[in-house]
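Written below as structure tokens is the structure these notes are about.
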Amino acid sequence: MTNPCVNNSSLSSDALHNIEIIGYRYVILTICIFGIVCNILNLCVLLNRRLKESPYTYLTGLALADMLTLMCISPFTITRGDYIHHENIFYKFQKFEIIYMQMANYFGHVSIMITLALTIERYLFTTYPLKVQSFCKSRYARNVIVIILIICGIIDIPRFTSDYIISKMNSSHLFDSNNCSTYPFIIENSINRNHTGQCYCIIVRTHASFNRFQDIYYYCIFVLYQILPFIILLYLNLKLIQRVQRSNRFTLSELVSNQQQTSLTGTPTNHFIQRKRIRDEQRLTKTLASIVLVFLICNTFTIISYPNLVIKLTEKKYPFYYTVGFRIQKLITNIMLMLNYSINFFFYCAFNQKFLKTLKLTFRCCIQKQHHYHRIFFSSSSSSSSAKHLSKLNSRNHSFNSFKEEAIKKTNNKRKKQNYTDNTMICDKRLKSNKIVTKMVPVDKQKKKDDSMSTGNSNRQTSL
């Protein structure tokens, strides 16, 4: 069924629109989600303390820029994927698109410049290692990334203020879709019910003050962010690949000589650390070369899909190419760009053993932390349940102990009273016995005196 809102609509134009819907709704959106996850993994690994060299600082900035680019492009897939047929919601999304699409372009430009800076740094390091070694540090890399962010932001400011949108709506037999920036559709829902059933689209226009400089500005942007980086990266990448091949031959011959020396002497050489460092540098260079190679392939589609260039090349011989064939070309270009922002993770894993080891270590730490938190959670839950049970038992024991203490106190009081009475009775008896003893003592003394006197007299008589 043809779209009544499109002028000269046919089955071929509707089939073309269906291809665009599949591309934006399913393919590009899936790549965006996949790329965001991969770049999050990149950031989790690259922010590790083990990867503190300057190339990894550039790769961290690259992963962050790629992730933000994909996040800003994701809403674009919703509007181009023909999800929304509500007039007001579609208008708000398109109004917001002026911001998030320009942000996507900004972070895409930052990604290009970081790739260029990393390639230049690697080339200088492999060519002049002694002269450039003091500058190839993470601190300088962070400063370069900040400078790139500022310069790209200043250059891209006009893109945020140059365009504005207007809506176009009419009945199907009066609607003209020639100057529509979005694909026209029939309004199914709207705040104003009178608009339901009418054809609707959005037109993007440029402010009159910017019209005079628009072509010059976009040509400068095209040369600065596409042509120059493409040429520089192509040249430097070829040089880096040659250096990698030479270093592979050098390390292979060095390895053979070291093995021969160890077989003769029985002791390993002292160049093991140096060879390990050279291998790490080679892996970094291979990783960068693969990233740049994919960038060049994807950027080729971007260069040949520049709108002004396509119009000038096709307007005479193929006048309808821009309205028909260029739509598929633009869709393929967008898919290639999204892949370029998404697949660096696999190159890191394939060519950089240090990155792969750090990734495994990060996953192990995450799994161990998860198991640790899992144990803490279950121990806390079991301890909470046991604490409740213990609190109940403690309350019961407390009530029982209080009752027991009261009973013990009562028995102790009774015992104290009984002991007191017993003690008083004993004391009375002792007092009575003492009185009797004191009364009896003088009589005994008198008897003793009498006895002594009588014995004395008898002794005297016998002596006479």
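Every residue, even glycine, has its Cβ placed from backbone N, Cα and C.
Curation does not apply to TrEMBL; its annotations are automatic.
Residues annotated as transmembrane segment in TrEMBL: 26-47 (among others).
Annotation source TrEMBL lists domain 'G-protein coupled receptors family 1 profile' at 38-348.
Residues of the same chain lying 6 or more positions beyond the ends of the transmembrane segment (59-78) and with a Cβ under 8 Å from any Cβ of it are 24-25, 28-29, 32-33, 35-36, 39-40, 42-43, 46-47, 84, 93, 96-97, 100-101, 103-104, 107-108, 110-111, 114-115, 118, 141, 145, 338, 341-342, 344, 348. The annotation transmembrane segment is assigned in TrEMBL to 59-78 (among others).
Positions annotated as transmembrane segment by TrEMBL: 98-120 (among others).
Under the heading transmembrane segment, TrEMBL lists 140-160 (among others).
Positions annotated as transmembrane segment by TrEMBL: 216-236 (among others).
Long-range contacts of the transmembrane segment (287-311) within the same chain, counting only residues at least 6 positions beyond its ends with a Cβ under 8 Å from a Cβ of the stretch, are 55, 112, 115, 118-119, 122, 215, 218-219, 222, 226-227, 229-230, 233-234, 236-237, 240-241, 244, 321-322, 326, 329-330, 332-333, 336-337, 339-340, 343-344, 347-348, 350-352, 355. Annotation comment: TrEMBL describes 287-311 (among others) as transmembrane segment.
Among the features that TrEMBL reports, transmembrane segment is placed at 331-351 (among others).
Here TrEMBL flags 438-464 as region 'Disordered'.
Residues or ranges marked as compositional bias 'Basic and acidic residues' in TrEMBL: 442-452.
Per TrEMBL, the feature compositional bias 'Polar residues' maps to 453-464.
For the transmembrane segment (26-47), the most Cβ-contacting stretch among 98-120, 140-160, 216-236, 331-351 is 331-351 (pairs under 8 Å).
On the 0 to 100 pLDDT scale, the domain 'G-protein coupled receptors family 1 profile' (38-348) averages 85 in this prediction. Same-chain neighbours of the transmembrane segment (140-160): 54-55, 57-58, 61, 98-99, 102, 105-106, 109-110, 113-114, 117, 121, 210, 213, 217, 221, 224, counting only residues six or more beyond its ends whose CB sits under 8 Å from a CB of the stretch.
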